[in-house]
């Protein structure tokens with residue numbers, strides 16, 4: 001222990017340069033862009049879950065029920081195609 | 001803003017992309033159950049055969065992807081031809097790109113988050129178009145087309161119809177994923193659908209009763225491995241051995257070896273899931289409130305393995321496209337085994353799992369494959385633990401908000417304490433999972449073991465979600481009430 005060290009205020013780093021770098025580091029850490037939607041405070045992927053679409057973006061708004069019904073409708077249209085193919089196949093052959 | 005960003009391109013597509021509305025009010029438990037179950041059923045209906053293919057098209061399609069079909073719910077010759085592969089690929093690309101700051105996006109702004117999300121969706125559509133185009137140009141469907149003539153020209157009309165069907169269904173799959181992700185179902189969309197598909201296929205693989213014809217023979221066999229064993233079981237000592245052996249080793253249809261590997265992998269994961277470190281925590285606001293905060297060994301769940309197989313599957317898929325369109329033999333040369341195209345040489349060959357015999361005969365392939373899987377899984381786990389909003393910094397922030405501190409530690413050192421544990425847990429968990437997966441694959445799991453591992457990990461988080469939800473709703477669920485009334 002040298003005599004001069006007792007005159008420095010307690011706490012904090014000793015040199016101005018060091019104080020500046022830590023302050024800069026801190027500012028960088030707080031201002032950095034979040035690395036995922038969840039760490040930004042919104043919903044999204046967590047450690048064990050892969051959640052992709054949690055925000056409501058602009059776009060063609062559709063009701064969830066409509067989505068499910070349209071999907072079922074599409075599947076039925078493919079089934080109807082199969083049925084038509086069966087029927088026409090019967091007549092032509 | 002400085003210059004041009006790739007993300008701004010997404011803006012052009014914003015008005016035409018469908019966007020599922022967020023629920024206006026809180027979704028009740030009953031609604032969640034109904035939405036989850038019905039989305040699962042609709043997803044499973046995608047196993048409908050494509051229009052335009054011959055009956056029993058699976059016999060004619062020469063299938064280079066049989067090793068990872070079960071993981072991505074890719075069903076040969078059906079609407080689910082691409083399954084969840086586009087969604088998962090685009091998800092991993094975008095989430096890692098943000099994590100590594102490859103794309104310039106500030107997720108704390110709502111508008112940027114929306115662009116980010118729409119970007120994922122757009123990439124999903126784009127990828128499904130690319131995959132489908134690859135399938136069509138590599139003559140994947142040609143021999144199974146109804147209008148196929150040997151030596152004739154490709155029937156572009158039928159191929160276009162197939163393209164439209166698979167693409168539109170994939171479009172709906174993305175929307176269904178979105179419906180679940182928006183909080184209308186349990187868990188995360190992609191993983192829930194994957195689990196639904198895996199569980200139903202597991203049962204079908206075991207006791208599926210439908211009888212299918214075999215290629216190039218008059219014989220038929222039951223689809224389910226157990227069903228096949230029981231059906232062919234006779235006490236005639238001449239045929240008994242052959243029948244039992246056949247039900248363990250048959251190549252085209254599910255066999256019992258795969259079923260046992262899947263069960264064993266699931267048991268291993270259930271066991272691993274119990275390992276955890278419990279940090280003693282106490283409340284900073286109230287005296288005497290002590291509890292534990294568990295940190296699981298499988299901190300990132302099955303995601304590292306899912307990421308690894310997504311990368312390997314994309315390698316195989318694009319490799320197959322390039323190898324078969326441009327006839328690059330050094331990339332991969334395929335031989336037809338029954339209805340599957342199996343790699344027998346080339347670069348891609350080294351990134352597929354060997355069987356036990358091949359593992360001994362070609363140690364280089366074993367080493368390359370194992371190291372790739374282990375490296376990708378642990379690398380992903382290490383980074384994902386920090387990206388996913390469950391990083392030590394995020395958790396210590398949560399602790400601070402809730403007035404929690406680790407016993408015997410100062411507030412400032414919580415982050416340090418957590419970052420001593422979390423990355424280690426994540427990496428070693430991922431390592432153990434990848435070793436389980438490799439062992440399963442080498443013994444002949446054909447992707448069913450990996451699918452089981454990912455599925456059971458997803459099922460755990462779905463169950464967690466369900467339990468939390470049902471506790472919060474405080475027993476107001478009519479469905480659960482009706483079910484428990486019968487006990």
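Just so you know, glycine gets a Cβ as well, placed from its N, Cα and C.
Nobody curates TrEMBL annotations by hand; they come from automatic prediction.
These figures come from a predicted structure and were not determined experimentally.
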>> Suppose you had to name the range TrEMBL annotates as transmembrane segment; which of B:202-220, B:221-239, B:240-258, B:259-277 would you pick?
In response: B:259-277
>> At a C-beta cut-off of under 8 Å, are there same-chain residues at least 6 beyond the transmembrane segment (B:33-53) that contact it? List them, or none.
In response: 27, 60, 73, 75, 77-81, 141, 144-147, 158, 161-162, 165-166, 169, 172-173, 176, 179-180, 184-187, 192-193, 196-197, 200, 477, 479
>> Can you tell me which parts of the same chain pack against the transmembrane segment (B:122-141), counting only residues 6+ beyond its ends and a CB-CB cutoff under 8 A?
In response: 10, 13, 17, 53, 61-62, 81-82, 85-87, 89-90, 93-94, 154, 159, 162-163, 166-167, 170-171, 174, 317-318, 320-321, 324-325
> What mean pLDDT score does the domain 'Translocon Sec61/SecY plug' (B:41-77) have in the model?
Replying inline: 88
>> Below 8 Å between Cβ atoms, which of the listed ranges B:297-323, B:367-387, B:449-468 makes the most pairs with the transmembrane segment (B:259-277)?
In response: B:449-468
